[in-house]
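A.B. asks: After the structure tokens below, expect a handful of questions from me.
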Amino acid sequence: MDADKDNILEASARHPKPAGNFQYGTAGFRMKANLLDSVVFRVGLLAVLRSKKLNGQTIGLMITASHNPPEDNGVKLVDPMGEMLEQTWETHATTLANAPSDEALFAAFAKLSSDLKVRMDSPARVIFARDTRASGITLAASLVDALDALKAEYTDYKLQTTPQLHYLVRAINTKGTPHAYGEVSEKGYYEKIADGFKLAMKHRQTKGHVVVDCANGVGGPKLREMTKYLASANEGGIDIKVVCDDVVNPQALNVQCGADFVKTQQRAPPSSKASPLERCASLDGDADRLVYYFIDSSNTFHLLDGDRIATLTASFFADLGRASGLIDRLNMGVVQTAYANGASTRYITENLQLPVICTNTGVKHLHHAATRFDIGVYFEANGHGTVIFSAKAIKEINRHEPRSPAQADALETMKSLVALINQAVGDALSDLLLVEVILAHKNWGVQEWLNTYVDLPNRLVRVEVRDRGIFKAVDAERKLEAPLNIQKEIDDLVGKYSKGRSFARASGTEDAVRVYAEAATRGEADELAAKVAAIVQKYGV
Ligand code: G16
């Protein structure tokens, strides 16, 4: 520890902590990039501790602020199976990030390693990557300083989507085991997904092309790369038209395009040249979210968001379960958050007859809840999600003997989807191909997909307040327990609207409170959202 002490103190002096209090939030630390130098350095120290604690398993570290504006950045840790950092360790990250001096940082580090019984002579392995933000390179250097100080082994995977980094972590830690996830390389990632896609598309064809807006982020070059592994539509593949892929100008990231813009604004990016019924999709800045949209023949915009992807996927797996004969052996369910449109929840429970679990915002919560099912479909309305399969599901799918050609066909599709779907985390590129496979199997276009149910009109509003920390949510974030009396005011208001539902919660990635409202008509949903936002504003001054 003495050598570590000297090294940490010396290196930490190069990364002084600015004023302010930092918190490991919904998706790690996220803030203005110029405040992040010490935070990234300290998260690097924690990554080393985490890897040592897990006997040298590889820990991932992603430098990204995903959907946030270009001047922001962030950092989050990825656990060995490609899942988000175990929650108890988020507190440790916050503790290190807030240590007021280099000495206090070392003291906190030493206390953690002793409290957590970390063997400091264990090896430490870390891999990291970043999105296209201008600040990413400098922040990666701060991280390397921490890894060098503790003599950790590391690999810099440079520019990757967040899900690619998750894939790589899982592939490294499962290499050579019966659960090997795939080849440890970016190429391995594309090959795994593309092989799954090709198998799933045997005897099927996509209808026309899909236009993909890449939010001017890392998803652009990576999606182009992935298309090299896929044949074109007339050869049984897919035609993907990549747009909004300007990564030369970092200031363009997420601006007037991307999944967050389309979802929150409920309109196409202004640059879109979509013609009626053309299939369009948008990724976010680090390509872990996906939404679809289209305009109809009367030029009306229609959003097919994460709820729509969840319902489409759940209905497809239910079909495959029935067709393969596995339905009674595997339990299936869907996980959503409070942001899920009420109509989607009703469709899943009433039409698909599947259970729904509602969790707090943040894929870490949804992912965890989805493990309760053999086939767990989880999606946030904003487009972040995936499908996970239990060990039992994989075993059943692999060993089931089909009794007819139809059963064999359904089983083969299930197997191919297990390969195609990135089970480590929600992945916009993998989800895009998943949606395309399902639409091709159902022989649907976007209109048929939309016709499955009617969304309740809804509105999402962002309210800036002095201190968002005073807004404390409970009941899967559907209610506020603080400030006192605010929930009663919201409830009284909601009661006045037909099919009204609304809630407010502090964002974990932006300095704001989010307000969601839905009601029977567009006018009422807008009005309810505005009035709840006014209540939040009143309590937030
Ligand atoms: C992150 C999380 C998502 C979450 C979103 C918004 O997404 O990974 O689970 O829905 O932030 O969270 P909040 O409402 O707390 O700001 P991303 O795509 O920005 O990484």
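Residue numbering: from 1, along the chain as shown.
A Cβ is built for glycine as well, from the same backbone N, Cα and C atoms used for every other residue.
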A.B. asks: Please identify which of Ser66, Ser498, Ser502, Ser507 is recorded by TrEMBL as part of the Mg(2+) site containing Asp284, Asp286, Asp288.
C.D. replies: Ser66
A.B. asks: Have a look at the binding-site residues Asn382, Gly508, Arg514 and say which one has the shortest Cα distance to Asp284 (Mg(2+) binding site).
C.D. replies: Asn382
A.B. asks: Would you mind pulling the DSSP three-state label for Asp288 (Mg(2+) binding site)?
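C.D. replies: The residue in question, Asp288 (Mg(2+) binding site), is coil (DSSP, three-state).
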A.B. asks: Quick one: of Ser66, Asp286, Asp288, which binding-site residues lie within 10 angstroms of Ala506 (substrate binding site), measuring between C-alpha atoms? Sequence order, please.
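C.D. replies: Cα within 10 Å of Ala506 (substrate binding site): none.
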A.B. asks: Quick one: which of the binding-site residues (Ser66, Asp284, Ala506, Gly508) have their CB closer than 6 Å to ligand 1?
C.D. replies: Ser66, Asp284, Gly508
A.B. asks: For the domain 'Alpha-D-phosphohexomutase alpha/beta/alpha' (58-91), give me same-chain residues lying six or more residues beyond its boundaries with a C-beta closer than 8 angstroms to one of its C-beta atoms, as numbers and ranges.
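C.D. replies: Sequence-distant neighbours of the domain 'Alpha-D-phosphohexomutase alpha/beta/alpha' (58-91): 24, 27-33, 36, 39-40, 43-44, 46-47, 50-51, 125-131, 133-136, 139-140, 143, 160, 162, 165-170, 172-174, 181, 215, 250-255, 258-260, 284-286, 288-289, 362-364, 367, 382, 423-425, 509-510.
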A.B. asks: Taking Cα atoms as reference points, rank the binding-site residues Ser66, Asp286, Asp288 by distance from Gly508 (substrate binding site) and give the first.
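C.D. replies: Comparing Cα positions, the closest of these binding-site residues turns out to be Ser66.
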